[in-house]
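Student: OK, TrEMBL features for this one:
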- 136-355: domain 'ABC-2 type transporter transmembrane' (DOMAIN)
- 43-62: transmembrane segment (TRANSMEM)
- 157-177: transmembrane segment (TRANSMEM)
- 216-237: transmembrane segment (TRANSMEM)
- 249-274: transmembrane segment (TRANSMEM)
- 286-303: transmembrane segment (TRANSMEM)
- 337-358: transmembrane segment (TRANSMEM)
Amino acid sequence: MSTTPAPASADRQVDYQTGRVGFWKAASIVAGREISVKLRSKAFVIATVIMLAFVIAAIILAPRLGGLFDQGGTVATTGDLSSVVSEVTDDEIMEVADAQAARDAIAAGDADSAVVASEDGDGFLVIAEREMPQSLVEALSVAPEVELLDPNAPNPFLAMFIALGFGVVWFSSALTFGNQTANSVVEEKQTRIVEMLLASVSAKALLTGKVMGSSIIAIAQVTLIGIAAVIGGVASGNQIVLDGLAEPILWFIPLFAVGFVMISALYAAGASLVSRTEDIPSTTQPITWLLTLPYMAIVLFFSNQTALQVMSYIPFSAPVAVPVRLFYGTTEWWEPVLSLAIMIVTTGLLILFSAKVYERALLRTGKALKWKEALSSKS
């Protein structure tokens, strides 16, 4: 009596005919190996612990450090009060026409505070952006009225620190893990291990596994950093830090995750073009510049809202620009969603590009290939 075997899935047919493991099974095995190697690294574990401790300490200390950098400021005042104000403060005096002109000067950043006559004419009115200039108020012989233009405005020093913090996490994590992925690819080529791997798994599955493994580790590390930042905010009791950072951190994690997958795939593709570790920089340098230039731009223009808005739609700078804009409170609800959507589409296209390069260059040895040569060669 004969029986008809049940039809096997496409993945199983490939397994029987070629001896290769199914795509997702192979990718998960490779990813598991990448994660295992990283978690067994004492250097990685120690570096992560140090980074978390630094984040907690920095969040606690940052609001308190602003005063250390105060070098005096500019006080706006009307002409009839300039002599009085100059006697009670060493700050630079800026003469303005009236109280409204003083408010405009503070809003434009030309003055830090202002002293004008109160509305009833019996005393002084001190105007500032977000907090009372204590030394100026105490120096005036008569207790003045105080007007704050924007009590909830972000601390400028804290805003700079947050822009730098998000920038460093994105830049250093992408650069570090990206280079580690690149080194792993080249080491497998040098030792000919890749030839044995390709006998069991496809090049695309190998690339997917490497990107998955490094991405999971990087995303887990960034999530821990976010938790550490919240712990630091709770420990410091600084409500501005807690309220201001919650939404930026929640958006930074998915933006980082998508962006890191994009960067990791590009680094793996770039490394597949060379056969020696020392040649890696020659093919990955363009990727490094794509990380470095946006990082420098955000750090330099962290308070320029127009520049931040433009950079929030550029995939290589969006993981930092979007959280910084959220901290400032200058975004519409749909803008982070649009930035993430642009990143997802860009990442998908660059993964297809990287897979094509990786598949065609992985078994090529000898002199380093150029990106164009890999794309034009046959797989």
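Each Cβ is built from the backbone N, Cα and C atoms, and glycine gets one as well.
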Student: Could you tell me what the rest of the chain brings near the transmembrane segment (249-274), counting residues at least six beyond its ends with Cβ under 8 Å?
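Tutor: Contacts with the transmembrane segment (249-274): 166, 169-170, 173-174, 177-179, 181-186, 189, 207, 210-211, 214-215, 218-219, 222-223, 226, 229-230, 280, 282-284, 286-287, 291, 315-316, 318-320, 322-323, 326, 336, 339-340, 343-344, 346-347, 350-351, 353-355, 357-358, 361-362, 364, 368-371, 374.
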Student: Select the range from 157-177, 216-237, 286-303, 337-358 that forms the most Cβ-Cβ pairs under 8 Å with the transmembrane segment (43-62).
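Tutor: Stretch with the highest Cβ contact count: 216-237.
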